[in-house]
Structure formats: structure tokens, C-alpha cells
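What TrEMBL says about this protein:
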TRANSMEM  26-48  transmembrane segment
DOMAIN    26-405  domain 'Major facilitator superfamily (MFS) profile'
TRANSMEM  60-80  transmembrane segment
TRANSMEM  92-108  transmembrane segment
TRANSMEM  179-203  transmembrane segment
TRANSMEM  231-248  transmembrane segment
TRANSMEM  268-288  transmembrane segment
TRANSMEM  295-314  transmembrane segment
TRANSMEM  320-343  transmembrane segment
TRANSMEM  355-377  transmembrane segment
TRANSMEM  383-401  transmembrane segment
TRANSMEM  438-456  transmembrane segment
Amino acid sequence: MARIEGIQAGTLSRKEKYKQERMHPIVLFLLFGTAFTRMAVFMSLPFLSFYLTKQMHLEVLQVSTVLGMAGLGGAIGGLIGGPLSDFFGRRFILWLSMILWTFVFFGFMFARDYYSFIGLSLAHGLSRSFFDPASQALMADLTIESKRLKIFGYRYTALNVGMVTGPLLGTYLYEWVGIYTFFFTGIAFALYTLLLIVTLRNYQQQTRWSRPKESTRFSSFVRVLARDRSLGYYIMGSLLFYIVYSQMETNLPIYLYSLLSNGENVYPLLIAINALMVILLQGLVASWAENKNPLSSVILGCFIFALGYASFAIGKHASFFIIGIVLFTFGEMLIFPITNKMIDQLADDRYRGAYYGIGNLAQAGLFLGPMIGGWMFKQVGAPLTWWVIVIISLHIIWFYAMGYRRYRQKSGVGIAQIVYRVLYDLRLASLIKFSYKMIPLISFLLGILFIASRYFGDHLSFMRLIDLFSTL
């Protein structure tokens, strides 16, 4: 177990309590790096679909495949990178992933054919899936359990800080230098890599504490994960979530480009709205969710998420897409941080990196989503595709509910207790109690109507009742 967790066992001095309450400098640096690197990524990648469509003249399905390869790389890399961070240490994996990631973005400048872009997109996903689980695990290692949800919220906010500034910078850079925008992304990654190496060296002793003291044998690692069925349900729920989420990053910009004359300008605006809302409102959403059942946030988030895509389905003007992205963002804010917390609750301390890494298997949805969406766009058109996405969004709830039920069963918590807590959190318990009390009255009224219809027949037809009221 991490040293910082071990401190909790004994009596803490005032100085030690202060250290626990403070954010560790490495955690702060990783949060800064999350914002900085994502800014660099979103400065270039969102415009790749426009480049592939307009300059490379690729079809929608081909563009979706290129962009989706990042998700496939993320799924494969998570299976490897997460466990490696447990066996070889977070620091080594962080260094390795950032060096590889830097070379990938420089590589985009020299890509000139379809298969080169596929390979680079795959490598981008691999690098990201090595870095993210290791950084998440290191932040969790150096943070007491009661503070981790806040750290996950800060990390999510940092992602969106990058998503705000990135597209704004990218809009000007892409018009100026086109595909060579990736050069500036590569420079940003190279700078952060150097800072990361220096910072982790300065805190070499502290990062050793993040390594588990217990032996991490591969056989026990496989055994622990194989027995955790809750993790399997969470991964399936996250897989569907990423399939749905990927449409916003891949097929939505293509759809906007074909539907609206100013689609290239509307999409960066939607990304900026999404990120600004997270930065300004994530704290309020986290405060609401902090004392609620995690499943309550997932259920409410999925319903709002689905409403956002329904707005895309009926949208013919930019205003519909703005309303849709607002709803989409509220759902996203409820789902993203809480699902990280749910996986953290499952994680064995010895294999925290592995849990985060295996969780990345769900990022296969980022590969499958664009391909499924691109194929459906071509076969049945955009509106029907968005309605299918709405239905998939609602099915996410079932997998998380099943996983959470199995997790709580270990503590002796039954289904009835979980359901009641969710209804209470969502202010539905009182409504259901009221509805339950109204059942006898409703049944009595329905019985009267049934008997009356049997005896009076056409005299009580619906149209006759309308005519009767219209004459009054």
C-alpha cells in the first residue's frame, strides 16, 4: 500500500495532517500536465477530420476509421500500460509514454497516405493509454482516499481547460499552417516531457512510496482481476459510453460540415461551450454528487446525455446543436468523474494501475463508435443514427447498475437499499410514495369508466365527449 495510506493507521501530528490535506506537488504537476498536453492535442486533432475530408478526399467511413484507431490503441495499451506501471513503477511508464507520444505528433506532419494516418492514430491511442492509467494511479497513490473524488474532478476539469484553449488556438493555426499544426503540438509535448523527467527526479524518494510494498506477482494479478465481475460490468458500461461519446468527436464535425455552411466554425464553438461549462460548473456538480449514491449520478447523467443526442437528431440549425451540447455536457459532468471513483473503489492497492489500465479496455468504444456511426450515417442517414445513439445511452445504466449491485453485495447491501437510495437522491421517492397512495383512487375511477362504457357504449365515445364540452 502506498506510504501516504499507511500514515492513516497511526496517530497523525498536526504537520502530517496538514500534508494530507494539501495536494502533493507531483499531483499538482500532473494536473497541470493534463491541461497542458490536452490543450496541445485539441489544438490539432479536432481538425484532422477536416484535413482528411477536404485535402486527402477520404470518405466518411475512412475518416471515422482513422480517428477510431486511437480508441483501439487506447484499449490495447491499457491492458499493457496499467499493469506495467504496477510492476516497473509509475515514473518509468510516464517517461516512456511521453517520449513516444511526442514522436507521434511530429510524425503527423510527414504522413501523406491513409495507412500512415491509421498507424499514427493507433500510436497516439497507445501512448495515451500508457500515460493516463499511470498518472491516475500515481495521483491516487499520493492522495488519501477521502480526497480522491476531488482529485478526479480536478483532473476532469484540467482536461476541459485544455479542450477550451486547444481548439481556439487550433482554429488560427490550422488556417495558417494546416497539417503542420501538429508541429506545435509536438513542441508542447517535448517541453512537458523534459519538465516531467526533471520533476519526478526531484521527488524520486516520494515516488518510491507509491510503489506497493507487497509483491506483485503476475499470477495473483490475473486471479484478482478475473474474480472481479463488477469490473467487467463497469467496462461494458464504459464501452457503450465511449461508443456514444466518440460520435461527438468524430462524426458530429463531419455531419456539421455537410449540414451547415459554417460547420467548421460551429464545431470549435461547441467544443469550447462544452469545456467552459465543465470548468465553471464541475465544482457544483461534484458537490451535488459527493454525498449521493454513485449510481444516482450515472442514471441522471445518462438520461441528460440521451437528451443531448436527441437535440442533435432534430437539429437543422446551429441553435439545436448548442442546446444539445449543453445537455451533453451536464450528462458528461455527472458520468465521467464518478465512474473513475467507482473503479477506484474496486481497485486492490497492489494493482491500482492495472485496474485503471484494464478500465481503458472500454476505450475500444472510441474505435468501434466512429466506425459504427460512420457506417450508419452512410446506410440510414444522420437523424436515425442519432436516435440509435440515444437508445444506446440509456442502456449504459443497466451495466453500471449490475456492477454496482455486485460490489455492494460484498458489504451486505441489498437491491432494495440501493434502489431506495437512488430514488431518494433523485427526489423520486416522495413521488413514488404519492403515486402508490393514488393507486386505489385511480383504480376506482378506471373501474367506473369501464363499467360506464359497458352500459352506455357509444354515448361515452371520446369524440362525443369532445363535442359535449365544446357546446358548454
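Residue numbering: from 1, along the chain as shown.
Even glycines carry a Cβ here, placed using N, Cα and C.
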Would you call the transmembrane segment (231-248) and the transmembrane segment (92-108) in contact, using three or more Cβ pairs under 8 Å, pairs 6 or more apart in sequence? no
Between the transmembrane segment (179-203) and the transmembrane segment (383-401), are there at least three Cβ pairs closer than 8 Å, leaving out pairs fewer than 6 positions apart? no
Which residues, given as numbers and ranges, are at least 6 beyond the ends of the transmembrane segment (60-80) yet have a Cβ under 8 Å from it? 48-49, 52-53, 114, 117-118, 121-130, 133, 242, 246, 249-251, 254, 356-371, 373-375, 377-378
Residues of the parent chain within Cβ reach of the transmembrane segment (26-48), under 8 Å, 6 or more residues beyond its termini: 66-67, 101, 105, 108, 117, 124, 135, 138-139, 142-143, 151, 154-155, 158-159, 161-163, 165-167, 169-170, 173-174, 181-182, 184-185, 188-189, 192, 195-196, 199-200, 203, 206-207, 249, 253, 267-268, 271
Ranked by Cβ pairs within a distance under 8 Å of the transmembrane segment (295-314), the first of 92-108, 268-288, 355-377, 383-401 is 383-401
